[in-house]
Amino acid sequence: MCSVDKDFTNDNSMLDSDAEAAFLQDLINGKPVRKSNSLHKMKPERNYSKVLVIYTGGTIGMVRNEKGAYDSVSNLMEKKIKSYPQLHDPTAAEEFLPFLPDENFLVLPDTGEACRVVYTVEEYNPLLDSSNMTMDDWIRIATDIKKAYEEYNGFIVLHGTDTMAYTASALSFMLENLGKTVIITGSQIPLYEARSDGRDNLMNSLIIAGNYCIPEKIYLLWFIVNLLCVAHICVFMFWELRVCGANSSSFLPF
């Protein structure tokens, strides 16, 4: 499941010419390898897995306005995610940066899994209201996954709860012969609120999409903590054709 970058298999390609010459000269002279110079680009301790997060809209990214209602705000999700330590590790991001296509990737903190999860957020513009989701929107999501299929190890679709079950069902028919994990999730309370189910839903989706290959299925994931018994923690994963909306205000809406 982990991605092995081409630089990981050829250490010489990670060195500039001066650093390589100095490195080889040290070996010839029997000196210990220096920890300075351009050798800081040596590979990270563990391989990484790349996940694409497609943010279509929904409550998970909304912000409370002056009247107390929630509004969709563009170009805020990625900035906010970077401020949450459970969703982004800036120190690890510096470590992985030399091996990533650009600096827009975020890195999930170490969760003890085989791979570190690095991910990028692709935000739709304009953000979609899931109650107005159409077949064209479903096709767009499926097409975006298809375009990025070879580049990423897993996929997450952040979606509004109103029609999430319908989108999961539609995608199950469009994304056939899947060999990678696709998860659809969202939240009942925005990610930016103090009491939000969005952070746990996103974090657990990243862990699963980045470390576990569950082919041939589209999964709708919801993470629940029973407040009456903190030890009772459940991760609900529903198959795309076996889910329906149950409660629009509950933390377990499906």
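The count begins at 1 with the first shown residue.
In case you wondered, yes, glycine gets a Cβ from its N, Cα and C as well.
Cross-referencing S130, S172, S187 against the substrate binding annotation in TrEMBL, which names T161, D162, picks out S130. Apart from S130, T161, D162, the residues listed for substrate, the same chain places the Cβ atoms of G58, T59, S131, M133, H159, G160, T163, M164, G186 within 8 Å of the centroid of those Cβ atoms.
Between the farthest pair of Cα atoms in the substrate binding residues (S130, T161, D162), the distance is 7 Å.
Classification of T161 (active site) by DSSP places it in coil, neither helical nor stranded.
Per-residue confidence over the domain 'L-asparaginase N-terminal' (50-214) averages out at a pLDDT of 92.
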